[in-house]
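The structure appears right after this line, and notes come after that.
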Amino acid sequence: MLISSIYTICLFIITSVLAIPPKEGSDSDPAKQYLVTDLPGLHENIDDDFKPIMYAGQVELFPENNTMYFFWKFTDPKKSTDSAYSKRSIFWLNGGPGCSSMDGALLETGPFRINQDEKVVMNNGSWHKAGDVVYVDQPAGTGFSYTDQGKWLHDLPDMAFYFLKFMEKYYEIYPEEIDNDIYFAGESYAGQYIPYIADAILKRNAKLEEGQKKYNLKSLLIGNGWVSPNEQSLSYLPFFIENKLIDKENPRWMELLGDHEKCQRIVDGIDSKFDDKELNPAELDSNLCEGILTKLLSATVNGDGADDDQRCINMYDFTLRDSWPGCGINWPFELKYVTPFLRNDEVKHDLNLRVMKTWRECSGRVGRNFNAQHSFPSVHLLPDLLKQVPIILFSGMNDIICNSKGTLQYVLKLNWNGRKGFENPDAKLDWIHDDKKVGYVIQERNLTFIDIYNSSHMVPYDLPEVSRALLEIATNNYDIRDVDETNQNLVTYPLGVQKKGKIEVNPPSTPSSNDDSTTSETSDSQPDTVSSAGTSAEAETETEAEPTVNKVARLIQLAVILIVIWGLYLLYASWRARPSPIMKKNGGNGRKKNVQWADQLSRFEEEADASQLKGFFAKTMDRFRTTEGQGSYARAQSDDYIDDIELGEGIGETQLDDFIIGSDDEREGELEQPTHKSGNMDTDTNKNMKNSSNESKNKNTV
């Protein structure tokens, strides 16, 4: 009977372990181990038709230094297999350097925003409806990405090498996506990242090794990009003047004008040696030019009784105000919800973190180390990239730090595809989206410049649906509409609507001969709307796979229940069958008898009474607890033993939450030079504009 009981217990344990529903994908499919099935607010705030399929986790790149990149991927389960969106992968990067792309996921282009209850709510302008979007925390150490101390990256080519390693690992997890069209999008210092990554991809494609597949790079979208640092900084004073933020009556006007002239001389020196193959030291030192913005913000502080949060111009949206010396670091205000959301242990578990580090919007340690002192600014890469890849440079018109004026300045100096700058920069097309004028466009020779009205440094934060239409421009899904003999509009449509071909407001009596040439192959078909019923193969696969998994799990669970019942029955039968006579025979000698003392008889009676009060389960557990060979007199556990159990529990409660050392090195809470990151200042290194003279040694980051 004892052997039977042990067998039953072992079988019960093994079967129970097998019956624990695994995280979907812990089988042979590597993708499923990254599946995200729950988040705070997901099931109560997000409509079923809108819920994306999500994958997230830390992918190991280099085991020797524990480098892992965190990604969060969103895909639309309702997309049609014949839709252009079904074979599109969009990699989104935020800036810094050292600022997390979770800003993009939860404040800009992702399907969710975070509310004051720290739960997800819907973002109706999510880009995942136009293609799979993958948000990546990089370089190593940014956001939820991780690396060993002292293994920080320093230069742009190294960053690109690491990112291609991430792509290699990513396509090992999702091999079915390797033939997808690839788009890179991002903002701020991503204006340095994206061109370098694109250049590395094109070089890889040109020298494929055996077994490698080409990456189908289709387009780059750079928003308010930090592409040509000194040229961008040269635009600050003209921008302030143009928008009536400062005038010649300001007490610091002459000081500001002097710095602007010095910056102009630096830029002139850079331009004279732009085509040199050697790095220009003047181009690597942008402290003087960048310092102009710090002085402009200081010179325009409102001290005449203004509220504390209204004293300084917001450098990311000049129509807004902030406290001094923040000048924008407290914006967007939803960041105060995003930070605790991503620091929630439950959320970290939902996102499949292997290293439970504390999330920071921007890492000062990463930013300080990534100084790019051996890298050409990415503006030098644009001419060669434009030979092969279309590039969109879009700007929120209200941004100061990476404003559209600075972008146009470096574009007009750039030589690409046989000519310099835009031949006719005044030939602007009004951008009409969903029958509203949202900006203007200049297009020539694979380069598109877009200035977007009523938007900030973070265009998708302000205008999510308009920002999503940038992908329609990137994929040529737009119409050119004649307004009159000299003016035209660029027209995009709501999600899922295909372009109609060339439309004229006052068409002639006979159709234009070139109408057909502007119509896409899909324009003759009915508008391709996203079906709410969902007809994609991926959605069908998910729908069909889940019931199968559930059925298997239920069968295993049923088997476990039957085995448990059987085991309990055997244990109960064993308990009922134990010898009960007062005089017990000794198994070793049939003639000798073991006499029970009177106090023992009383104890047996008390136990019998107690056992009658216990239920079936309690009796069974008593059977488990009975010590073999000691009967009712099994030795009680000592106090020392109990203390050991408590000590063991205490030791087991380890904390692995924060792999970023909270030391002076992080300098969290310190304010420095204004930063060029996506949507905020580098909260660890660049928050003190009052000490700009000393802190200007640190690179102002986007």
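Cβ atoms here come from the backbone N, Cα and C positions, even for glycine.
Residues or ranges marked as signal peptide by Swiss-Prot on the basis of sequence analysis: 1-19.
Per Swiss-Prot, topological domain 'Lumenal' is recorded for 20-554, and the stated evidence type is sequence analysis.
Annotated N-linked glycosylation site per Swiss-Prot: Asn65 (among others), in sequence order. Within 10 Å of the C-beta atom of Asn65 (N-linked glycosylation site) sit 14 other C-beta atoms, taking all shown protein chains into account.
Residues or ranges marked as N-linked glycosylation site by Swiss-Prot on the basis of sequence analysis: Asn124 (among others). DSSP assigns Asn124 (N-linked glycosylation site) to coil, not to a helix or a strand. Other Cβ atoms within 10 Å of the Cβ of Asn124 (N-linked glycosylation site) number 11 in total over all chains.
Around the Cβ of Ser188 (active site), the number of neighbouring Cβ atoms within 10 Å comes to 33. Annotation source Swiss-Prot lists active site at Ser188 (among others), citing sequence analysis.
Look at Swiss-Prot and you will find Asp399 (among others) tagged as active site. Look at Asp399 (active site): DSSP puts it in coil. A sphere of 10 angstroms centred on the C-beta of Asp399 (active site) encloses 27 other C-beta atoms.
Contacts of Asn446 (N-linked glycosylation site) defined by a Cβ separation under 8 A and a same-chain sequence distance of 6+ are given as Leu386, Lys387, Val389, Pro390, Ile391, Trp416, Asn417, in order along the sequence. For Asn446 (among others), the entry in Swiss-Prot reads N-linked glycosylation site.
Within its own chain, Asn454 (N-linked glycosylation site) has Met397, Asn398, Val438, Asp462, Leu463 as residues 6 or more apart in sequence whose C-beta sits under 8 angstroms from its own. Taken from Swiss-Prot, the feature N-linked glycosylation site applies to Asn454 (among others), supported by sequence analysis.
Residues annotated as active site in Swiss-Prot: His457 (among others).
Here Swiss-Prot flags 501-547 (among others) as region 'Disordered'.
Look at Swiss-Prot and you will find 555-575 tagged as transmembrane segment, backed by sequence analysis.
Taken from Swiss-Prot, the feature topological domain 'Cytoplasmic' applies to 576-702, supported by sequence analysis.
Summarising the annotation, Swiss-Prot assigns region 'Disordered' to 663-702 (among others).
Taking the C-alpha positions, the distance from Asn65 (N-linked glycosylation site) to Ser188 (active site) comes to 28 Å. Ser188 (active site) and His457 (active site) have their C-alpha atoms 8 Å apart, to the nearest angstrom. Classification of Asn65 (N-linked glycosylation site) by DSSP places it within a helix. Just so you know, the Cβ of His457 (active site) picks up 32 other Cβ atoms within 10 Å once every protein chain is counted. Predicted-model confidence for the topological domain 'Cytoplasmic' (576-702) is 41, expressed as mean pLDDT.
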